[in-house]
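Record features, source Swiss-Prot:
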{"type": "BINDING", "residues": "GLU174, ASP219", "note": "Mg(2+) 1 binding site"}
{"type": "BINDING", "residues": "ASP219, ASP221", "note": "Mg(2+) 2 binding site"}
{"type": "DOMAIN", "residues": "168-246", "note": "domain 'Toprim'"}
Amino acid sequence: MTSLKYIIKLTFEVDGSVDKPDVIGAIFGQTENLFGQEFDLRELQDKGRLGRIIVEIKNKGGKAEGYIEIPSNLDRVETALIASMVESVEKVGPYNAKFELKEIEDVRAEKLKKIIERAKQILTTWTREKNLDIKEVMNEISGAVKTGELIEYGPERLPAGPDVYTDPNLIIVEGRADIINLLRYGYKNTVAVEGASGKIPQSVVELSKNKKMVIAFLDGDHGGDMILKDLINANVKIDYVARAPVGREVEELTGKEIAKSLSNMIPLSQYLKRQQESIASVSSRIETASARAEVAEQQTVQVVEQPRKEIEIKIPGNVMEEIKKLPGTLEGIIFDENWNLVERVQVRDIITKLENLTNGNASFIIFDGVITQRLLELAASKNVKLIIGVRIGGINKKPENVKILTLADVIGP
């Protein structure tokens, strides 16, 4: 690890006698794929973003307790997320366990104190020798910063970036917070319509007509869909549509995520065509998925024709509404063959819950997680017909009687 910033310190208790490898294995195993590869602990260690996990353990009276230290050079938000992930571990081996965060030590704090004290000394000496006017310096710095601040555009005083007048291209977003976040990463040719009120400001309509390229950059939720509908109904010139990841908002994206979303923008006509396809019957999606599987797995014609009953199944409207709410919740929903709710569970518990269900009780599983080989095989043994997840993991062999889709297949990108 090249630069240590923080040390995550936790304590734990286990209702049984365990060893250090058991604790470390539980941490790796139960945090795997919670937030995708980006926050996989092993990968973070390989990249030098996390250090070696230190475990001290004491077994007494058939129980174990101890503490854990995890060095981190991630930022504050990412480090807090790692701490929360480790706290979510509930079992070590077959025994119930409880992990609790005690503190996140900022190892740079002492160094920062010394730097601040030294800076005070330098400033005192400098002021004494040069008679420096600090206010003058601060005003100069403040003036430079203001060039990247928000401006107000049009008679509606809409939040906008400073290049909204001069840049030949334009990015339209929903609100003020989106503009601020884009400015943070250097995107200054922006204007906000301020919410899905059903009425787009006329100044945005006129502004779009004079731009070479106009991008609607919207949240990855139903609110983003509403904004796009309002823009189209108001005859705003839109050339491309870019969306934040499903369930995410533009205001919370990192610079890397913003760049990726904008690079994935597609022409408006193509986007609308995709939307129409996404609201078509689920049967057509499953049929398409079956055709792809036929080519990928070189299935025989007889195997493709067998799930005819499954292909005809459609997702009811009320279930579609539940699906749209799933992204970002880390929850899963299990339905029976008539789309009646069987149970709502946390993603981390979905394997255990499915194992305990009677065969035939679960026909459809929709969850905010990764579809894995283990889940797929268990679902096949429980006669599950359809699984919908955030994404599909490394699947080596797909059971013929289970169809798999992503949330994007069902509710659009």
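Just so you know, glycine gets a Cβ as well, placed from its N, Cα and C.
The number of other CB atoms found within 10 A of the CB of GLU174 (Mg(2+) 1 binding site), across every protein chain shown, is 23. Highest Cβ count within 10 Å among the binding-site residues ASP219, ASP221: ASP219.
Mean pLDDT for the domain 'Toprim' (168-246) in this predicted model: 89. The DSSP breakdown of the domain 'Toprim' (168-246) into helical (H, G, I), extended (E, B) and coil residues amounts to 29 helix, 18 strand, 32 coil. The separation of ASP221 (Mg(2+) 2 binding site) from GLU174 (Mg(2+) 1 binding site), Cα to Cα, is 12 Å.
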